[in-house]
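If you check TrEMBL, you get these features:
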{"type": "BINDING", "residues": "10, 12, 209, 221, 223", "note": "Mg(2+) binding site"}
{"type": "ACT_SITE", "residues": "10", "note": "active site, nucleophile"}
{"type": "ACT_SITE", "residues": "12", "note": "active site, proton donor/acceptor"}
{"type": "BINDING", "residues": "19, 123, 134, 141, 179, 181", "note": "alpha-D-mannose 1-phosphate binding site"}
């Protein structure tokens, strides 16, 4: 292993617990130890402000060689923005409103144990839909996740969008505990590879927890340009990195 290798990490469930701040010991390991052996990068569906929040501030996020927020639609190298793409430019306002109106109408008819606020979050390159609302508390977030495992709220929601808006040009990915991402076809986490595939050909490792079909790590995990690693939490991520780099 050498600095010709790059390790890309999902954030939620991989280097942090879902929507929680990173454990300082995990951050220290990645930046002070792993970075001596490999370039390091983050790839997340979240926007840069949420990544900064979870990493402990922009000064820590900038210590990663690459940060791909919103699946790489807003890309950074050494703390400096490289490029950004917007979903508005891709879809146009008419299609965008058709989609948002359908989602809001669908959610108005769902009965859940609780509902809070911020159901539709508009990001640069995607739309994040949360049936329970992103304003829910940590306890409500955990409760919805368990409820969703039984009732498949998010999965059924996505199936309804596909059935009713088959030509909208979007694809859907379940990530985190309470929401799913909606983005143009091909704009999943593989989008970030265009920035690094030539430089690190054959030496791109990706670590993620939602590598199953429908999870937001699935496409990049299975991409032939990537060596994929499924993890279950940040502790498992560190263990796998130790096994990989200390052989």
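The backbone N, Cα and C atoms fix where each Cβ goes, and this holds for glycine too.
No curator has checked TrEMBL annotations; they are predicted automatically.
Annotated features, which come from TrEMBL, shown on the structure.
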residue : record                                   : CB count, 10 Å
12      : Mg(2+) binding site                      : 22
19      : alpha-D-mannose 1-phosphate binding site : 18
123     : alpha-D-mannose 1-phosphate binding site : 22
134     : alpha-D-mannose 1-phosphate binding site : 18
141     : alpha-D-mannose 1-phosphate binding site : 20
179     : alpha-D-mannose 1-phosphate binding site : 24
181     : alpha-D-mannose 1-phosphate binding site : 26
209     : Mg(2+) binding site                      : 23
221     : Mg(2+) binding site                      : 22
223     : Mg(2+) binding site                      : 17
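Nearest in space to residue 179 (alpha-D-mannose 1-phosphate binding site), taking C-alpha to C-alpha distance over the binding-site residues 10, 12, 209, is 12.
In this structure, the CA atom of residue 10 (Mg(2+) binding site) is 12 Å away from the CA atom of residue 19 (alpha-D-mannose 1-phosphate binding site). The alpha-D-mannose 1-phosphate-binding residues named in the record, 19, 123, 134, 141, 179, 181, extend over a maximum Cα to Cα distance of 21 Å.
The closest partner of residue 221 (Mg(2+) binding site) among the binding-site residues, by CA position, is 181; the full candidate set was 19, 123, 134, 141, 181. Comparing residue 19 (alpha-D-mannose 1-phosphate binding site) with residue 12 (Mg(2+) binding site), their Cα atoms are 6 Å apart once rounded.
Summarising the environment of residue 10 (Mg(2+) binding site), the number of other Cβ atoms within 10 Å of its Cβ, over all protein chains shown, is 27. When the binding-site residues 12, 209, 223 are ranked by how far their Cα is from the Cα of residue 123 (alpha-D-mannose 1-phosphate binding site), 12 comes first.
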